[in-house]
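As annotated by TrEMBL, signal peptide applies to 1-18. Residues or ranges marked as region 'Disordered' in TrEMBL: 85-108. Residues or ranges marked as Zn(2+) binding site in TrEMBL: Asp265, His447, His451, Glu476. Per TrEMBL, active site is recorded for Glu448.
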Amino acid sequence: MFSRLVLLAVLCTSYVVAESPAYIKHATHSKRTVGRRGIQLESYYPPKKYETGHHARALERRMESYFPPKTYEVRTSRPIAAHVFDGKQTGGSPGKEARDEPGPVGVSKRHCAEDFKKATMSFVESHMNLSASAFTWNAGYGIKDRQYGYARQQHDGIPFANAVVNVALKRGKMASFGSSFVDTSNIADSKPSYDLKKAIQNAEEMFSASHNAFEPTLEYLARPDGSVALTHVIQVRNDYDATWDEVFVDAHTGDVLAANTFIADATYRAIPIERPDLRAGYELIKDPQDLSASPLGWHNDGVENYTSTIGNNFIVVTNNTNTFTQTNQSSSGLIFDYTYDDTIAPNKGENVDASRTQAFYLGNKVHDLFYKYGFTEDAFNFQTENFGKGGVGGDPVIMIVHDESDINNAFFGTPPDGQSGLCSMHFFNETKGPLRDSVFDTAVPVHEFTHGLTNRLTGGGSGRCLQSLESSGLGEGWSDAVAEWTQQTSAEVKDFVVGAYVTGDSKGIRIHPYSTDPEVNPLRYSSLQELDAPHAIGTVWANILHNIYAALVEEHGWSSNAWTDPDSTEGNVVFLNLLIDALPLQPCNPTFLEARDAWIEADEDEYDGANKCLLWRVFASRGLGMKAKDYEDDETVPRECQSGY
């Protein structure tokens, strides 16, 4: 029975800012319908203070006193290193580079973990005028000459869930700083008085889901009225409805206050990742693994060699009445030679094996790409074995193909570092004939895999920092942009559509194609005033990124070696470097403006600002100029970027 207590919690936790447009809350709130009873729950993410080095260089001098540059090792080369797809939218070689030793607090020893931790904590203490007991270290890592640290506000030794700080340093100087710390004058007692078992029952009841094996935690939660609640944090899952949530239950009253969702999605005969879909044709692809990213190949998890779609990075299966089945090699020598026939049902002939093989190839290919560009073990990636290079490990992506729990969809769930990501690929029924398998529309799975990247790199591996409506929209935009990146195969940057194969519609699944032509895609920053769903919001950001990609390729050319050489200077390489480097620079639950500033700072850090004016001009052309705010367009660029300067 649905308890009055839970209903009261929902009614009492709604929050409306009087006389303000609804879109003003995009950056600080998210609203969801949860459970089979359709209860609406609104979650809150405190406003942030965000600074980047390109407009806050004065902070560098202060930072130097905490972290002298001599304590850094400057690396001269890059290490060799929920979210739903939505069916319809409305509105070198191994050993060549020295291996990092595992260090404390999630940072490798070669990056001076303890020194960096102390420097970060000292900076936060001074810059925010806080006592050391008011916050706690959460995570950190280093790459090249940059370090990223994350801390959480705490009270009586209990951390906050949604009051966090991130600090990025380059050679000992502040590159970015973000904080959503809150006032604690109205904070709940730190000793819980509501029984944990009852709290779990309340969460399960509201979400029509079951508590999983992950141990509940006790954390503070900042509320929109300025109060701070003590909460039991409980993970619940419903595999039938494809939901996976982190629920915050008041530890004194039992009220359900908020929730974060984690859902976003050898030789192989496969559709190469650069090709859009099944219609572009198969290849028998030999040894596609990158041993610098997957040193034991794709079928060894550090303990066992597998001859199936199981490995260190991905485990690909089908789930038939809770029976998980992988695809075994078709012949010895890790040969997976299966062909998909979309003129027959997906479960006929070789189709199931072909689907699992395609998914395994795509997932591992993207893992290796992201690794080359910095999504490594100590940057909270997804691997069973981390080879002593930092991070938690034990968290390969589990990918389920032919998932019949939904239709016209796909999703990726991103829990914190150390818990496996979950990707489910569903069928589409929008064409005549047999159902279409979303695995064979390559943009769809690549879109889903990218959610794992962006959710882990934003917020220090917590999986909690793309939860507000606006930031979840950014997540959808990044996912489309990376999917597009894999399929732009020459210096001629073409308009891009997502989901043309699965829908049977050449226009794809989004409102507009991604295009540099404003007649084809008119979306601007101000379009967010009219959009109130993550995928719709994401199209605005993805199109801005399409325009940035086109401008960078026009300026710097295009590299055919971008998959293996992240240190080259062509435009497509620069683009992916900036996209990934900007993620740890931005604060938790970033806005469009903060994501823009992170791109500008990433260019300063990686390329000494060589692309500053190019980036500003593109951002401004779509309304994200220097003076843009509150979803009002602006086309102002820095003075030095103006024509005739």
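Numbers run from 1 along the shown chain.
Every residue, even glycine, has its Cβ placed from backbone N, Cα and C.
A TrEMBL annotation is a machine prediction, not a hand-curated record.
Of all Cβ atoms in the shown protein chains, 31 besides its own fall within 10 Å of the Cβ of Glu476 (Zn(2+) binding site).
Here the Cβ of His447 (Zn(2+) binding site) has 30 other Cβ atoms within 10 Å, regardless of which shown protein chain they belong to. Other Cβ atoms within 10 Å of the Cβ of the residue listed as 'active site' number 31 in total over all chains.
Across the structure, Glu476 (Zn(2+) binding site) and Glu448 (active site) are spaced 9 Å apart at their Cα atoms.
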